[in-house]
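Asks: Here it is, the structure, as structure tokens.
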Amino acid sequence: MKKNLEYSAGTVSKMYRFLFNEREFQNAKTMIFAIEEINNNSNLLPGVSLGYKMYDACTSIHLSIKRALAPLNEPGEQPNQTCSRITPLHAVIGMSSTSYTQAVASVFQPFQIPQISYFSTCGCLSDKTKYPTLLRTVSSDFHQSRALAQLVKYFGWNWVGTVRTDNDYGNDGVAAFAQAAQEEGICIEYSVAITNGMTRQNYIKLITLIKQASAKVVLAFLPAVDMKAFLDQLVLENATGLQWVGNLSWMTKRLPVNIEYFKILGGAIGMALPNAIIPGLREYLLNVNPYRDAYSKEFWETTFACSLNTTDSLKVNKCTGSENLRNVNSEYTDEKEFRVPNCIYKAVYAVAHALHNLYTCKTDAISFLNFTTMYGDHVYFDVNGDPEPRYEIINWQQGEGGLIKYVTVGTYDPSSPQGQQIKMNNVPKSVCTESCVPGTRKAARKGQPVCCFDCIPCAEDEINALYCLPCPPDYKPNDQRNKCILKDIEFLSFGEIMGSLLVVISLFGACITMFIILVFFYYRDTPVVRANNSEISFLLLFSLSLCFLCSLTFIGQPSDWSCMLRHTAFGITFALCISCILAKTIVVLMAFRATLPGNNIMKWFGPSQQRLSVASFTLMQVLICLLWLILSPPFPYKNFKYYKERIILECDLGSSVAFYSVLGYIGFLSAICFILAFLARNLPDNFNEAKFITFSMLIFCAVWISFIPAYISSPGKYTVAVEIFAILASSFGLLFCIFAPKCYVIIFKPYKNTKKHLMGKMPSKSLVDVSMSATNLVSNGNNVYFSVT
């Protein structure tokens, strides 16, 4: 059994602290995480622990070869007495760069030690005659170049330029792209190379060529380091207006916050390795012990800009070692970019599965491995030692604070049928300003191109296109504010609760009125009915039933006929009702005036005169209504004033003067009736109903006086509801005040409904202060008169 061993090749000098590579440190920690996870797995290599040695090549091929020779020249580790033999080196994981991988492979090939690279993508490494022991967990650039060619074709770009690094990585990648581009019908206008140590003047010549070329789509097949240097020169030369297509080396490389970078590469599109979520890795990366080794210490001091050494200058911030990495936003802590760590994780597990096969006496070599990771990734190697090629398509978009967002907009899978290998989620965007959201319009920014604009909110009743367009009066904007739709029409309908309730109350009032009519007809020969002018009483009850029923004309969708009917029916029925009450009041008052000696006033107000007065009073209202209907009748009207999102369909009065004339005439009749009833309030109880008429007129006038301000101030359908309420309230007031006492006597006190009872309560003194020896009530038909003896 071999314990874990971790060796570092020394610390980096403090003068180079700013060169600390967080991404490579993340890669190293990922390898350690995978090894520790395997050692804690009882199903993989049970009873065996993997050890490791880790070296830093320090970006030097010479030093990488020297580091590679170290484990071959040193004696094997024997950490404790339980091991009886030296543990040999079983596998090498690395490097991340093609040239470094080639150099290290030349060291280990003679010893048949397998090497697994996690980020060297050059197609040249697939040559098994040169690199028989080399495998990779990252796809070959042969597949990436073909993917890039199909991506260019997908967008219809057939005239492009290429920029490459002048080594095997760049030359082989662009050569594979050129071959695939020719097959896809794409032409290459130019192909330029960036050399190591390129001068500023050479950069200017190269960029001038790119800017002057007619091809506006440029493929940059460069390592991340070379791309960063090239990008700085593009910014200096203001090389804007180009569409960049990138390889996976730099497409997900985090750049410093610099708006100038986005001006050059904004909207760039290219390939990237598939991302993965490795359970437990982020938590492991965040739990760094700064005192564990020199690299952890260096990482900690670089991340938090402080020093763990107590002897450093007082001007340097001191680290406590307890700073929180969760609050740090860097390449190291970015869990959204576990693309390369995923390849490292699979490389470590490939070694572990190969050793597991050897320990269990299986003869499967590492190149024939086939397994699935804990999070579901399928891992195997083809005959060239390469994994299954799969890519994500990345688009550069600007995020908050000037950061560049790497948005996955599609995938590339060469195993799919021809023509379906690229699957785009959405078309990449490269815009100065996002399209205006619904409900806003474009407003040009002063001094800026037309692509840059502000979005100004439209008015509530407008939709947006290039400009805010108002909807017609009957229409309103839809929720998306991109078209006009019909407004809802609102009126007091039979189907809604308020309408149904008013209908029930109206019918209830009409039924009570019919019930009273039946009672009066059944008891028509009794003194209470005969003494109260039964003919006028029946006419009054009929008019009250019409008052209740006319309220139904106010409910439902207004039409030409319903609008004319509702107001005229209301005016005429109430005029008839008040005329009957007025006639009854005059009859009672005149009858008692007739008790004066020699007074023949009843001769002038007999049955015919009573009928004529009712007809005359009602006819006046009929004439007013006819003039109203002829000159300016009511009509349906769409009211847009109260609500913007719906239409109130109501009846326009046509003529407010006519409407208030109708109300005024009813008010005039009711006022006269109230005055006369008030004057007759002290007549004998058994022979007049003046006090009941007084109460009914008081209620009637109170209801209609309060109706006017409520009617004016109520919006929409509530105006109609207020008018119906006034009709019903006044009708119930008249019905109950005038007829309820009589029905009570007729039904519940029949002993009072006799001539004897009525005669027994006559007062001894008349209202005119004339002595009377007797007073007899004589009924002649429906007329009531009195004789005094």
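Yeah, the Cβs are placed from backbone N, Cα and C, and that goes for glycine too.
Since the structure is predicted, the reported quantities are computational estimates derived from the model, not experimental observations.
Sequence annotations record features per position, and here TrEMBL assigns domain 'G-protein coupled receptors family 3 profile' to 498-762. Positions annotated as transmembrane segment by TrEMBL: 497-523, 535-556, 568-592, 612-631, 657-680, 692-712, 724-747.
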Asks: Can you tell me which recorded stretch out of 497-523, 657-680, 692-712, 724-747 has the most Cβ pairs within less than 8 Å of the transmembrane segment (568-592)?
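Replies: Counting Cβ pairs under 8 Å, the winner is 657-680.
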Asks: Tell me, please, if the transmembrane segment (497-523) and the transmembrane segment (724-747) are in contact, taking contact as 3+ Cβ pairs under 8 Å between residues separated by 6 or more positions?
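Replies: Contact between the transmembrane segment (724-747) and the transmembrane segment (497-523): present, because at least 3 Cβ pairs are under 8 Å.
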Asks: Who are the chain neighbours of the transmembrane segment (692-712) in space, where the CB to CB distance is under 8 Å and they lie at least 6 residues beyond its ends?
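Replies: For the transmembrane segment (692-712), the list is 578, 581, 584-585, 663, 666-667, 670-671, 673-674, 677-678, 681, 719, 722-723, 726, 729-730, 733-734, 737-738, 741.
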Asks: Within the same chain, where does the transmembrane segment (657-680) have neighbours whose Cβ lies under 8 angstroms from its own Cβ atoms, ignoring anything closer than 6 residues to its ends? I mean 6 or more beyond.
Replies: 567, 570-571, 574-575, 578-579, 581-582, 585-586, 588-589, 592, 617, 620-621, 624-625, 627-628, 631-632, 688, 690-691, 693-694, 697-698, 700-701, 704, 708
